[in-house]
Amino acid sequence: MGTQQPKDSCCKMIMKFLFSHIGLCAMVILYCVAGGFIFEHLEKNNEEQICYESRSEYQPMENKTIESTLKIFYDLGGAITTKSSRELMEIQLRSVLETFRNNTLAIGYDGRSCDLYGKPAGPNYEWSWAGGLMFSVTVISTIGYGHIAPKTVWGRLVCIAYAVLGIPLMLLCLANIGDVLADIFRFIYARICCCGCCRKKKKDKDKVVAMKPSDSNGAGPWESDKSMILSSNQIPPTATEFSRLPTRSPTDSFDNNDSQKRPGSAASRAGKVKIVPLEVNKKNDPIVLDDDSDSDDDDDLLDEQKITVPLTITMIVIGGYIFGGAILFGLWEGWDWLQSAYFCFITLSTIGFGDVVPGTDFENPQAQAQLMIGAVYVLFGMAILSMCFSLMQDEILAKARWIGQKLGIIDKESEE
């Protein structure tokens, strides 16, 4: 029993760390890194094998096309050719070349040298670790470009299992990190953009209360005896007008103690009593009712929780991230600004057509780095979008609640 408790506590600490903010982010990153190694191991050799098979199908077609072309020249092309023979020769050559083109596209051979895979002068692997990392990110983020896909049996089975486990993990991480980033952004917005205006208004509203004494009655200030005690059935004179009364009246303790000590008094016979202040302050100075620093801190925290970020700010953040990605990929890939912005929007919106993908020019020596940067851009972009969606949800709910209060559908919350 003694050894079981440390094991249970250790397991609880591990699970608590794994499902924390840092733990979830670390699990997603490690999951993508592991996916890159797994898919590289499963598909890399098959990619090279497919290249050899495609080239073996391409070479007979190429030889046959050359023989057909030479035969056309021998039969119809001589020292002397007529107009009709040239036209017939052109038609036959066009037919041979179209057949060769269609067959080449069907087998998917692009003319690369399969013997030079992995060498400095040879072609680069599509299923490198960077390519597998990019593929893993597109799978768990449900983007799915489709520019590369597993072709082996084990690769497809592992892809299914990888998506079944990775998609819920990614959604959980996005929901968690989105709320955290939203709180951080809301705090920064409240401190920098709002400049503490809301907190100052809250303090001024709660701490200072003005009291207006009336001049209709010439009585003096409150007296210490009980000469001004009135029963509840009597009408008190209008002496003082309060703009805000404290929550606890000073008569509570007086009523209870005095009625218990003097059960035969007039106050106890009449029931509940009221103390009517005749004059509190002749100079109309504001009176501080609450000067508790702890309550002010609580009010500050409450105000920061109530602050919502406008929709225009969140849209500017999303647009800025797309604009930054457009500049980055435009410089690296040589795309124009529209094509780069199109790729960033299609990616962050998880549409993922796959017609424009960075790092697909495998002749470029920076293709692997571009794939890695693209994967990082997708991960950070999904987190930014999750944060913005959380901020937009809070703003929309606040606006809907305000409209409901204006229309009388929702009661206004009482201020504490």
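Including glycine, each Cβ sits where the backbone N, Cα and C put it.
All TrEMBL annotations are machine predictions without curation.
What TrEMBL says about this protein:
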COMPBIAS  240-257  compositional bias 'Polar residues'
DOMAIN    126-181  domain 'Potassium channel'
DOMAIN    317-394  domain 'Potassium channel'
REGION    240-269  region 'Disordered'
TRANSMEM  17-39  transmembrane segment
TRANSMEM  127-145  transmembrane segment
TRANSMEM  157-177  transmembrane segment
TRANSMEM  307-329  transmembrane segment
TRANSMEM  341-359  transmembrane segment
TRANSMEM  371-392  transmembrane segment
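Highest Cβ contact count with the transmembrane segment (127-145) among the listed stretches 17-39, 157-177, 307-329, 371-392 falls to 17-39 (criterion: pairs under 8 Å). Long-range contacts of the transmembrane segment (341-359) within its own chain (CB-CB distance under 8 A, at least 6 residues past either end) are made by residues 130-131, 134, 138, 141-147, 318, 321-323, 325-326, 329, 332-333, 335, 367-368, 370-371, 373-374, 377-378, 381-382, 385.
Sequence-remote contacts of a segment are chain residues at least 6 beyond its ends whose Cβ falls under 8 Å from one of its Cβ atoms, and for the transmembrane segment (17-39) they are 127, 129-133, 135-137, 139-140, 150, 155, 158-159, 162, 165-166, 169-170, 172-173, 176-177, 180, 375, 379.
Per DSSP, the domain 'Potassium channel' (317-394) is made up of 57 helix, 0 strand, 21 coil.
Secondary structure counts, DSSP: the domain 'Potassium channel' (126-181) has 41 helix, 0 strand, 15 coil.
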